[in-house]
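Here TrEMBL flags A:10-114 as domain 'Dihydrodipicolinate reductase N-terminal'. What TrEMBL lists as NAD(+) binding site is A:Gly16, A:Ala17, A:Thr18, A:Gly19, A:Lys20, A:Met21, A:Gly84, A:Thr85, A:Ser86, A:Ala111, A:Pro112, A:Asn113, A:Phe114. Sequence annotations record features per position, and here TrEMBL assigns NADP(+) binding site to A:Lys44. Among the features that TrEMBL reports, domain 'Dihydrodipicolinate reductase C-terminal' is placed at A:118-253. For A:His141, the entry in TrEMBL reads active site, proton donor/acceptor. The annotation (S)-2,3,4,5-tetrahydrodipicolinate binding site is assigned in TrEMBL to A:His142, A:Gly151, A:Thr152. Per TrEMBL, active site, proton donor is recorded for A:Lys145.
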Protein chains: 4
Amino acid sequence: MSSATTPQPIRVALVGATGKMGRYAIDAISNADDMDLVATLSSKNPLEDITEAQATHVLDLSVPDISPDVVAFAVDNGLHTVVGTSGWTEDKRTALASQLANHPEIGVLIAPNFSIGSVLATRFAAQAAPYFDSVEIIEMHHPHKLDAPSGTAVRTAEMIATARHNAGVGASPDATKHDPDHARGAQVDGVHVHAVRLAGLEAHQEVLLGTPGQQLVLRHDAFDRTSYMPGVLLGLRTVASRPGLAYGLDEYLDLD
Amino acid sequence: MSSATTPQPIRVALVGATGKMGRYAIDAISNADDMDLVATLSSKNPLEDITEAQATHVLDLSVPDISPDVVAFAVDNGLHTVVGTSGWTEDKRTALASQLANHPEIGVLIAPNFSIGSVLATRFAAQAAPYFDSVEIIEMHHPHKLDAPSGTAVRTAEMIATARHNAGVGASPDATKHDPDHARGAQVDGVHVHAVRLAGLEAHQEVLLGTPGQQLVLRHDAFDRTSYMPGVLLGLRTVASRPGLAYGLDEYLDLD
Amino acid sequence: MSSATTPQPIRVALVGATGKMGRYAIDAISNADDMDLVATLSSKNPLEDITEAQATHVLDLSVPDISPDVVAFAVDNGLHTVVGTSGWTEDKRTALASQLANHPEIGVLIAPNFSIGSVLATRFAAQAAPYFDSVEIIEMHHPHKLDAPSGTAVRTAEMIATARHNAGVGASPDATKHDPDHARGAQVDGVHVHAVRLAGLEAHQEVLLGTPGQQLVLRHDAFDRTSYMPGVLLGLRTVASRPGLAYGLDEYLDLD
Amino acid sequence: MSSATTPQPIRVALVGATGKMGRYAIDAISNADDMDLVATLSSKNPLEDITEAQATHVLDLSVPDISPDVVAFAVDNGLHTVVGTSGWTEDKRTALASQLANHPEIGVLIAPNFSIGSVLATRFAAQAAPYFDSVEIIEMHHPHKLDAPSGTAVRTAEMIATARHNAGVGASPDATKHDPDHARGAQVDGVHVHAVRLAGLEAHQEVLLGTPGQQLVLRHDAFDRTSYMPGVLLGLRTVASRPGLAYGLDEYLDLD
């Protein structure tokens with residue numbers, strides 16, 4: 001790609017710089033040739049630090065209580081925004097979409113999961129699910145995790161269930177009559193989900209799809225948090241060209 | 001789905017009834033509520049047996065030398081045709097497309113692989129490949145197989161290479177300096193392909209995609225030839241609504 | 001191996017010839033060069049058919065109600081016996097051992113599982129378990145199975161728990177606080193066991209062992225019942241040289 | 001475990017403290033309740049630092065050129081020694097054994113691999129190999145590795161080949177007639193070995209064992225170098241009770 005002029009770097013203000021994800025993001029943005037990290041904010045900094053630093057983009061990795069204020073401030077100031085904070089319920093997203101209607105040139109991406117591989121695996125699982133009699137999910141995580149099953153497994157099960165329902169596919173066959181100790185695991189929208197907790201692991205998921213004579217297995221392994229950074233950078237590079245609100249990194253992937 | 005009238009069954013003439021795939025297809029069609037198997041032809045039967053039986057569809061599972069004649073006869077007689085025979089080179093497909101131009105209502109599907117799971121895995125691999133630094137393929141088959149790597153692995157590698165090229169992605173990183181015995185396997189369009197031959201296995205393939213911090217694995221297992229039958233039936237049920245020539249079962253899958 | 005005289009073939013009487021396992025055993029024994037299948041008994045045949053056929057070995061694949069009588073008859077008549085029938089409780093095995101004390105030259109093998117791979121995987125799991133912080137089991141079967149978890153998974157968990165207890169190893173770490181739908185599966189002697197039911201599968205099991213920085217996975221796949229036959233033949237070939245009662249095929253494996 | 005007197009801590013001198021493994025070892029020993037790290041030596045330190053610090057044990061993680069001198073010094077001074085440095089050929093081990101004959105109370109462990117999981121997987125593979133028709137190895141590493149296949153894969157193949165040879169088992173079946181690009185990988189003592197290089201991975205190995213109807217898979221994943229530390233600590237805790245030279249961590253594992 002030859003060009004007479006070098007494109008302007010993306011000027012990123014990072015909110016939530018002292019959290020775990022924030023520290024990885026500082027490294028990732030600093031190492032990206034096409035980005036400048038112009039401000040890093042923790043809970044002690046006023047949001048005006050963003051505008052004073054003449055940022056063009058905001059990366060919000062703060063906490064659920066603060067995130068709506070960060071994004072509202074960014075949009076009001078005409079800054080494209082990528083959000084990795086959780087807690088963006090449908091109500092909050094609707095309110096944000098209303099605000100964005102007054103800023104038709106501004107893009108916001110809210111991504112529950114920045115791992116491109118995980119996002120692809122979930123999408124593929126939902127696409128494939130109507131073509132198989134059976135689908136089950138096994139998620140595997142480090143033993144310090146408090147909840148079972150994982151949020152990603154729940155979302156994957158929901159997307160699978162919706163895809164099967166829309167295609168008119170019935171429940172997976174299951175003749176189990178005797179399971180006194182719940183070996184068959186949880187059911188999320190009718191999809192069985194199993195949660196393994198194992199020292200040495202980080203975050204892994206397998207979707208098993210079976211039909212007579214064959215099996216399709218979609219497995220994703222996240223070995224550490226660096227796995228989220230390519231998705232964060234992809235979001236920052238793409239958000240300015242996608243005005244309005246996008247929910248989920250898969251809206252930015254080219255999967256035709 | 002209620003309806004005043006039951007739809008007419010699909011009247012299938014099977015060519016190549018005495019081969020391995022043919023015998024499985026007899027069972028599969030006989031067990032399908034919406035199909036009648038009205039003729040089964042081996043190499044000893046004249047093609048006129050198809051029309052005498054008033055077939056509406058032809059399933060061709062014959063041999064490469066005969067298949068073009070079977071399909072030409074079917075199209076001339078206004079019959080929708082599903083083809084599982086190999087050997088349909090680009091030249092032969094071009095000739096068939098010319099013939100089909102004179103029969104605009106007739107559909108033909110030529111499918112190099114009827115396993116829905118395998119077709120999906122290959123498609124997903126090509127879609128995901130541009131988002132990962134590294135991609136390699138491991139195919140695993142029974143030890144009676146004569147060729148390495150498998151045709152499916154070669155096609156998968158070609159599709160991956162095309163997708164990466166189109167997205168401007170370079171070669172997978174590889175610092176190997178010393179590999180005197182070819183442990184790194186074959187390269188197909190720059191994609192490393194490994195072939196395992198193991199007693200007890202039938203036909204299996206893994207595509208490994210890796211990038212810092214994460215891995216995506218797409219695995220397909222075909223335990224026996226029944227795994228091809230759902231794809232054959234899907235082809236027969238869909239071909240009448242898809243005039244013209246389709247190459248590859250994935251053209252019939254709903255993957256938006 | 002050259003020899004002036006060919007060894008006498010093993011003369012096998014098969015009890016339970018009409019069951020699923022029995023039909024596979026007929027094929028396996030008939031194809032073994034060193035064995036003659038001299039009698040096949042169903043529930044309609046008197047046990048005297050065994051001695052009339054001058055069998056030297058009995059293979060019992062009958063049903064739990066009949067099996068003790070079959071074995072008692074065989075031992076009384078001086079025949080080495082391999083048993084694949086379930087239901088041999090500790091009480092019944094103790095009674096059989098008493099009977100065998102009067103026939104010191106006779107060998108009997110009772111094998112809950114004839115799959116050599118499965119037996120090895122379970123043994124390896126128990127050996128490795130004390131060296132890892134965490135152990136969990138995932139068993140995967142066809143969806144027609146009535147019970148969860150599988151008997152093999154239960155035995156594997158029990159052997160793992162015993163090995164860890166004997167080595168003074170504590171429970172696997174698990175911070176789970178919130179699991180309302182039992183995604184964490186069953187616990188057998190403190191070992192988490194997960195049961196997957198999937199069309200296309202037959203009988204599969206994974207033991208996952210993890211400790212900081214590493215994972216060991218022991219996986220066994222039984223694709224069909226032919227997988228039991230090498231173990232049956234190994235039992236028949238070995239039992240005459242192992243007087244007394246052996247419980248479990250692993251007693252016949254050379255694993256030093 | 002109550003006791004009137006606390007056992008004396010193991011006083012460890014670490015040689016090779018500035019290498020990658022050395023830095024992990026400093027953490028591991030410092031965190032072990034039963035050990036004191038009394039000296040850390042780099043290439044600039046004289047070996048006398050070991051004795052001045054009144055070490056009881058030496059952990060040698062230096063380089064091949066230096067390691068024999070380190071061990072000779074330690075043995076001469078009556079110190080038990082654990083060695084993780086490579087390059088200990090059979091000649092060098094023979095010379096060391098001669099020296100140890102004069103110090104009958106001193107133990108030395110030379111371990112080519114300190115990963116307990118990897119050592120177990122290799123051992124299990126060799127034990128299982130005679131019971132399966134086919135065995136192949138797939139090793140998977142980060143793409144910065146210079147050699148293919150890995151040293152661990154070569155050792156695993158050699159141990160498998162020896163075990164099969166000793167049991168009188170022939171070659172794995174393989175009908176491959178056409179493999180122009182070496183998709184079947186390397187052969188080490190007749191065992192096929194495949195080497196994958198993938199971004200995101202660290203060090204992984206699968207041994208696939210197959211026989212009609214079944215498969216056994218032994219997989220080990222080393223996610224990072226912390227995986228070696230439990231083996232290092234096990235070596236330090238055990239070496240004083242095992243006089244003489246041990247080669248391979250498996251000699252210290254309790255696997256009856």
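Counting begins at 1 with the first residue displayed.
Cβ atoms are placed via backbone N, Cα and C, with glycine included.
Remember, predicted model here, so these are calculated numbers, not experimental data.
Counting in whole angstrom, the residue listed as 'active site, proton donor' lies 16 from A:Lys20 (NAD(+) binding site) by their C-alpha atoms.
Close to A:Lys20 (NAD(+) binding site) in the fold, though at least 6 residues off in sequence, lie A:Arg225, each with a CB less than 8 Å from its CB. Secondary structure from DSSP puts A:His142 ((S)-2,3,4,5-tetrahydrodipicolinate binding site) in coil. Comparing Cβ neighbour counts within 10 Å across the recorded positions A:Lys44, A:His141, A:His142, A:Lys145, the minimum falls on A:Lys44. In sequence order, the recorded positions near chain C (CB to CB under 8 A) are A:Lys145, out of A:Pro112, A:Phe114, A:Lys145.
Closest in space to A:Phe114 (NAD(+) binding site), of the recorded positions given as A:His141, A:His142, A:Gly151, A:Thr152, is A:Thr152, taking the CA atom of each residue. For the recorded positions A:Gly16, A:Thr18, A:Ser86, A:Pro112, A:His141, a Cα-Cα cutoff of 10 angstroms around A:Thr152 ((S)-2,3,4,5-tetrahydrodipicolinate binding site) retains A:Pro112. A:Ser86 (NAD(+) binding site) falls within neither a helix nor a strand when secondary structure is assigned with DSSP, and so counts as coil. According to DSSP, the domain 'Dihydrodipicolinate reductase C-terminal' (A:118-253) comprises 51 helix, 42 strand, 43 coil. Ranked by Cβ neighbours within 10 A across all protein chains shown, the binding-site residues A:Gly16, A:Pro112, A:Gly151 are led by A:Gly16.
With every protein chain in view, the residue among the binding-site residues A:Ser86, A:Thr152 whose Cβ has the most Cβ partners within 10 Å turns out to be A:Thr152.
Of A:Lys44, A:His141, A:Gly151, all annotated as recorded positions, the residue with the shortest Cα distance to A:Ser86 (NAD(+) binding site) is A:Gly151.
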